[in-house]
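**Student:** I have a structure here, written as structure tokens, and I will follow up with some questions on it.
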Amino acid sequence: MFLVGLTGGIASGKSSVIQVFQQLGCAVIDVDVIARHIVQPGCPAHRRIVEAFGTEVLLENGDINRKVLGDLIFNQPDRRQLLNSITHPEIRKEMMKETFKYFLRGYRYVILDIPLLFETKKLLKYMKHTVVVYCDRDTQLARLMKRNNLNREDAEARINSQLPLKDKARMANHVLDNSGEWSLTRRQVILLHAKLERSMEYLPLRLGFLTGLAGIASLLYLLTRYLLPSPQLGNPGSKP
């Protein structure tokens, strides 16, 4: 099995593309969902965030106040690095747990929905393939203005706060162009899924895993045969 990192930009259509992959039966892990899960009350990351930033980052119900925490690390590289040092290991741990579940279920590849895949670069080394859901800037701007009921200035400000889609597209292995009709985008997704399914890149890991299991089974057999006492089949000195 191998990992496919998928990203996009605001109003590029990434969520719709993810839905098509899921309809095709693909395994999808949303890293944003994991990031929210690992900071829930009672989780190690939640406790460490409170220790590092104080109780002012908590809501009345004990949840992390994401806006307050965001304000605390805004333009504060040291604080941002501290927060990342708390959350990123937990995110990777949960990500690997979810990935292993899909591995055991026989999936050939798993899609990781990672909004900041190229910005943070932390997870890139785990990805066999990277996919960007792209659309041209004019289309992105028009969609965002309509979807969020924004004026042009506010919509442009939101787009400009992200790494440009054209830059992400240059860094990706695969680009799904969502600038035109949705039917064309959907066909691109179907073709990419077929290509990834045909890939043999999942075999080395699966063969290695099966080889490891065979080795463990052989070791257990030898230990059972040579180290445990043999059962008594009868008493040679007894009379019939």
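Numbering starts at 1 and runs along the chain as it is shown here.
Backbone N, Cα and C define each Cβ position, glycine as well.
Features from Swiss-Prot:
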- GLY8, GLY9, ILE10, ALA11, SER12, GLY13, LYS14, SER15: ATP binding site (BINDING)
- 3-207: domain 'DPCK' (DOMAIN)
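Please situate the listed features within the shown structure.
**Tutor:** All protein chains included, GLY9 (ATP binding site) registers 24 other Cβ atoms within 10 Å of its own Cβ.
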**Student:** Given the ATP site residues GLY8, GLY9, ILE10, ALA11, SER12, GLY13, LYS14, SER15, which other residues of that chain have a Cβ within 8 Å of the mean position of their Cβ atoms, reported in sequence order?
**Tutor:** VAL133, CYS135, GLN140, ASN178
**Student:** I'd like to know which of these binding-site residues, ILE10, ALA11, is least surrounded, judged by other CB atoms within 10 A.
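**Tutor:** It is ILE10 that, of the binding-site residues ILE10, ALA11, has the fewest other Cβ atoms within 10 Å.
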**Student:** Which of the three DSSP-derived classes (helix, strand, coil) applies to ALA11 (ATP binding site)?
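**Tutor:** DSSP call for ALA11 (ATP binding site): coil, neither helix nor strand.
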**Student:** For the domain 'DPCK' (3-207), provide the mean pLDDT of the predicted model.
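**Tutor:** Mean per-residue confidence for the domain 'DPCK' (3-207): 93 out of 100.
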**Student:** How many other Cβ atoms are found within 10 Å of the Cβ atom of GLY13 (ATP binding site), counting all protein chains shown?
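**Tutor:** Its Cβ shell of radius 10 Å holds 21 other Cβ atoms.
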**Student:** Counting Cβ atoms within 10 Å of each candidate's own Cβ, which of the binding-site residues SER12, SER15 comes out highest?
**Tutor:** SER12
